[in-house]
Amino acid sequence: MKVVEVKHPLVKHKIGLMREGDISTKRFRELAKEVGSLLTYEATSDFETEKVTIDGWNGPVEVDQIKGKKVTVVPILRAGLGMMDGVLEHMPSARVSVVGIYRDEETLQPVPYFEKIVSNIEERLALVIDPMLATGGSMIATIDLLKKKGCQSIKVLVLVAAPEGIKALEAAHPDVELFCASIDQGLNEKGYIVPGLGDAGDKIFGTK
């Protein structure tokens, strides 16, 4: 499995800011969007382009355009919504699919509760977004679902990943690509990433 830890200074700086213990909901939300945007830039760097002639201000001009790439952005509810606007800034015409999965706090197992997948998913690249890749359970369940629907091309964008989650994802889906802002130390006894960001969903939505 291709794993890319984006080491751009802006990404590292913003993830560092997100680790502040008393960060406000507004600030955390802004940074989640910004880092999501920067990860999208990296994840789409292999898109092919083609030459197209358009009418410029001074007559015809040849420009580069992305070559027929159909994309669906797949936020995992609820925390994935915090990254969605940052991704869509670069691809405002992308379709959005939604998958609802929560992690049982006692068993740490993923529990699906909602899905709405775009049509022609088999023709699209899916960019699955979720702030945290901890145990990997929710991400694996989401990719299982997408593949059952016919999706053949999947990239995963997360803010912070634990080695345990990366290992589990690679074992289940070695054909996907993972882009993250930080690979952290690991999981604590409750299944949270350390040092991590805390509960990203609560911080994005202002709930506890």
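Every residue number used here counts from 1 along the chain in the order it is shown.
Heads up, the Cβ atoms here are built off N, Cα and C, so glycines get one too.
The Cβ of Ser138 (5-phospho-alpha-D-ribose 1-diphosphate binding site) lies under 8 Å from the Cβ of Ile76, Ile101, Tyr102, Arg103, Pro110, Asp130, each on the same chain and at least six residues away in sequence. Here Swiss-Prot flags Arg78, Arg103, Asp130, Pro131, Met132, Leu133, Ala134, Thr135, Gly136, Gly137, Ser138, Asp199 as 5-phospho-alpha-D-ribose 1-diphosphate binding site, drawing on sequence analysis.
Annotation comment: Swiss-Prot describes Ile193, Gly198, Asp199, Ala200 as uracil binding site. Under DSSP, Gly198 (uracil binding site) is assigned to coil, being neither helix nor strand in the three-state scheme.
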>> Applying a 10 Å Cβ distance cut-off over all chains shown, what neighbour count does Asp199 (uracil binding site) have?
In response: 15
> Looking at the binding-site residues Arg78, Met132, Ala134, Gly136, whose Cα is closest in space to that of Ala200 (uracil binding site)?
Replying inline: Met132
>> Given the binding-site residues Arg78, Met132, Ala134, Gly136, find the one whose Cα is closest in space to the Cα of Asp199 (uracil binding site).
In response: Met132
> How many Å separate the Cα atoms of Gly198 (uracil binding site) and Met132 (5-phospho-alpha-D-ribose 1-diphosphate binding site)?
Replying inline: 9
